[in-house]
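Among the features that Swiss-Prot reports, compositional bias 'Polar residues' is placed at 7-22, 349-358. According to Swiss-Prot, the compositional bias 'Basic and acidic residues' annotation covers 315-341. The N-acetylmethionine annotation in Swiss-Prot covers MET1. For SER75, SER351, the entry in Swiss-Prot reads phosphoserine. Taken from Swiss-Prot, the feature region 'Disordered' covers 1-26, 69-90, 315-358. Residues annotated as region 'Necessary for interaction with XPO1' in Swiss-Prot: 1-160. Taken from Swiss-Prot, the feature region 'Necessary for binding to the m3G-cap structure' covers 210-329. Sequence annotations record features per position, and here Swiss-Prot assigns site 'Interaction with m3G-cap structure' to SER106, LYS145, TRP278 based on similarity to another entry.
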Amino acid sequence: MEELSQALASSFSVSQELNSTAAPHPRLCQYKSKYSSLEQSERRRQLLELQKSKRLDYVNHARRLAEDDWTGMESGEEENKKDEEEMDIDPSKKLPKRYANQLMLSEWLIDVPSDLGQEWIVVVCPVGKRALIVASRGSTSAYTKSGYCVNRFSSLLPGGNRRNSTTAKDYTILDCIYSEVNQTYYVLDVMCWRGHPFYDCQTDFRFYWMHSKLPEEEGLGEKTKINPFKFVGLKNFPCTPESLCEVLSMDFPFEVDGLLFYHKQTHYSPGSTPLVGWLRPYMVSDILGVAVPAGPLTTKPEYAGHQLQQIIEHKRSQEDTKEKLTHKASENGHYELEHLSTPKLRNPPHSSESLMDN
């Protein structure tokens, strides 16, 4: 335990927020065992099949988030409270549950999809912190992935200020990345717009809707008294080799953190999913086998070899049996992406045994 504590202390930046995006990504050995039992490609196939029959009540789910109305949920919370009392959990360490784990998170793109160029789209992401944005009843709230409300302000989102919140049904829920440097919420995805939920809609439609509706809200992309933070939609691009090369040669109005790859048919499902993949820009050449132009985005940092080696070893290990995979996961470590933003380490790891900055 002491060795583990020392390793964590040396690699994770200090933060009071659980799973803070100010901390580096978990190392490979923290990859959950349930993600080791099946290949990433197989889990993608199963999830696409599952979402065809899985129809959750997202209308009420979105309404609860917007109105902070959890009537009827108390019984389940009471059962959880009893379980926590039996486990003797410190009340001060319990997390807010209602707004926690509401964002769809990615996994490292390990198994390259055979239909990448046809069925996937890519979004270039800025350095920042993931945020759940809820605009309702004349106010806009920003929550962390862990469910903490970190800010309340007015915005020009539907339902986000007292002027445009004409009815209780005018609420909006967005998945964003907040850039403190640019004082901007970059919109990744839309879960609800003017009271209409989009959880069960495919990614390509959600993105189309988002980029159609955001420009209609005049002044949303400007910083004003009634809209103190800009809201800007992140563009998406095809995943063909030609498109990826063009994207990686572009200039962006923000510091680029990485690339999110979305399957076009993916519904918005809170939690980690293999239907959304994550790569740093310099990984595209090695992982996807795409020739990329030389430039700032594709320049490999000193620690790049360690990250790539772990991912490539994972791909090779999938030729082994399930038992060997599970053993290798605990030995060499395989991981899923719990954070989006990745701050730079002052002293990048130079040992394969050190924690990775991913």
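Numbers run from 1 along the shown chain.
Cβ atoms are placed via backbone N, Cα and C, with glycine included.
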Of the residues in the region 'Necessary for binding to the m3G-cap structure' (210-329), how many are helix, strand and coil by DSSP?
45 helix, 24 strand, 51 coil
Mean pLDDT for the region 'Necessary for interaction with XPO1' (1-160), rounded to an integer?
70
